[in-house]
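Only one structure is covered here, and it is reproduced in the block below.
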Amino acid sequence: MGADDKLAVSLEPHLLEALVPLQGRVPPDLAAALGPYIVDPPPRTIPYALLHRISQWARTADLSPPLERGAYSMVSLLAGTTTSPESKLGKYVPPLPPDEAAAQQVRDRKAITALFNALLSVGGAAFAAWWAADKTGWRNEWRVLFALAVGTIVALSEAVLYIIWQSRATGKLKPLDLEPRRKPARHKRVDAPDEVSIDEQPPPSGDLRKRITQKEDS
């Protein structure tokens, strides 16, 4: 089954008018295939392969007026139609604004640089381990295994660091707040210097005490 067998075009009114007169003139197998598409109401689409069969038949058949051979060429049949109108297009994603696109390019360059540095770190650590093992007199097998082990450890650490960096860059991982939280200080109420409570007022002097006593006796 080719791609044309699944392709459909919109059944426009002018196309339907050209197909209706063919009923009873085309061969039985072609008439049976065409019948479901010239009913009332007609379907929205018609297979492209069926139109191609009709066009091939029209080139070899002896058409009589009012039918014209040129009216059933593929160019005439497909004029004004829409290919696969039932297909659902994907969601449109608008392009990024210039500032966001520039920021994305910067992030991409940083990611490429980080990966390149990680590869250099792994290769450098493995070579350093192999060179150090050579100085100890180890056999080649142990030197290779030691270099692979060191390279694997460095690669794992670089992978973890890259994942953390990528998570922070995308906002999925927030940095830890290591500063201790300070409790709000409770301020004790301090009276103003001019405010003196009743209990703290000085006792009356001797003369004032005598006047108060005389008023109470009278």
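The backbone N, Cα and C atoms fix where each Cβ goes, and this holds for glycine too.
TrEMBL lists 207-218 with the feature compositional bias 'Basic and acidic residues'.
For 176-218, the entry in TrEMBL reads region 'Disordered'.
Nonlocal intrachain contacts for the transmembrane segment (114-133), taken as residues 6+ away from its ends with a CB within less than 8 angstroms of a stretch CB, comprise 142-144, 146-151, 153-155, 158-159, 161-162, 165. Summarising the annotation, TrEMBL assigns transmembrane segment to 114-133 (among others).
Long-range contacts of the transmembrane segment (145-165) within the same chain, counting only residues at least 6 positions beyond its ends with a Cβ under 8 Å from a Cβ of the stretch, are 114-115, 118, 121-123, 125-130, 133, 138, 173. Taken from TrEMBL, the feature transmembrane segment applies to 145-165 (among others).
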